[in-house]
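Per TrEMBL, these features apply:
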- 69-129: DNA-binding region (DNA_BIND)
- 67-128: domain 'Homeobox' (DOMAIN)
- 131-332: domain 'TLC' (DOMAIN)
- 37-56: transmembrane segment (TRANSMEM)
- 140-160: transmembrane segment (TRANSMEM)
- 180-199: transmembrane segment (TRANSMEM)
- 264-291: transmembrane segment (TRANSMEM)
- 303-324: transmembrane segment (TRANSMEM)
Amino acid sequence: MFDTLYEWFWWDRIWLPVNLTWADLEDKDGRVYAKASHLYVTVPYTFTFLLIRYLFERWIATPLALSFGIRERVQLKAEDNYILEYYYTTQSRNPPQSDLDGLSKKSSLSVRQVERWFRRRRSQDRPGVLKKFRESSWRFVFYLCAFIGGVVALYEKEWFYDTLEVWRGFPKQSLLDSQYWYYILEMSFYGSLLFSVAFDVKRKDFKEQIIHHLATLTLLSFSWCVNYIRIGTLVMLVHDASDVLLESAKLFNYAKWEGTCQTLFILFAIVFLVTRLIIFPFWLIHCTWVYPLHHYPPFFGYYFFNAMLVVLLCLHIFWAYLILRMIRKFMFGTVGPLNKNLHILHHIIIIQRGSHNFSIHTEIFNGCS
């Protein structure tokens, strides 16, 4: 039974174009190809990233935050109360007036005391600025390094300037060391984000973040196995560009450098709209949708890959809408200072490297609220 499922899952016709088999992607004639077994190394690297992040946030990000005058917020802790805690976790964080009287009787507290308990309990769950600063610092460092590394790895490649070159010789395109590490590190990083989502700052697009991480890892894995690595690296680079600006804007937002924050946010919005709504669909999706048909007839993997890219494009459009709506409110004076109302995303679809970074990297740009 297991052998049958294994053979069906790795059936050539699902993953590869017609007249090609896995035997065609065996290492030979000096060519080295990506293999599914290579992805096992991302598991230890994922946990390595979690360890590096912990050390970075403790020994670098926290002192940096303190130098900006950011301190851990002192909170009044809500007293232990099983009845109120059960209601808080299972019913609502903001009980209506009709429930307050019942909770008051059950807990032997006055209505005013119950209201105060819920205010303190909500305050406990609200992440402090220091936690947000540490998290954004870590992401900023990774995205900056990934973007610089991507530029270094791609600037001399033909397909960086001409997307027709992405498919020249496909799928018999030898794996380069720079592509290997670009993929493995990117996948490991997003794997670490998926593991850490439970204790990271909860943002309004939490569900979109989960979808993003899973889609990113799925696309990266698929693109790796079918040797869609060239297009994957291009997508990663395009998405990392705006991620760097968003995280840097968030850092200055938390530090209350309003002018710098606003400038970086405007730059982020411009780069996001250009890369996600122009370059991504009209260059990269066009490259994966049209050019492959010049070389082979469509197959399941072709449809699957492009369908996932369209899902990511839909997420891009959703986040672009949020960005433009916030900018509109800010420009027409319907909201306060930008650094108090930045609720705009960062999950940036990085379709992770070859889809590799088609990662839908989404993360709401929360202000210092």
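Cβ atoms here come from the backbone N, Cα and C positions, even for glycine.
In TrEMBL, annotation is done automatically, which means it is predicted and not curated.
Panel annotation: around the transmembrane segment (37-56), residues 137-138, 141, 180, 184-185, 187-189, 191-192, 195-196, 221, 224 of the same chain, lying at least six beyond its termini, place a Cβ under 8 Å from a Cβ of the stretch.
Each residue in the domain 'Homeobox' (67-128) gets a DSSP state, and the totals come to 36 helix, 0 strand, 26 coil.
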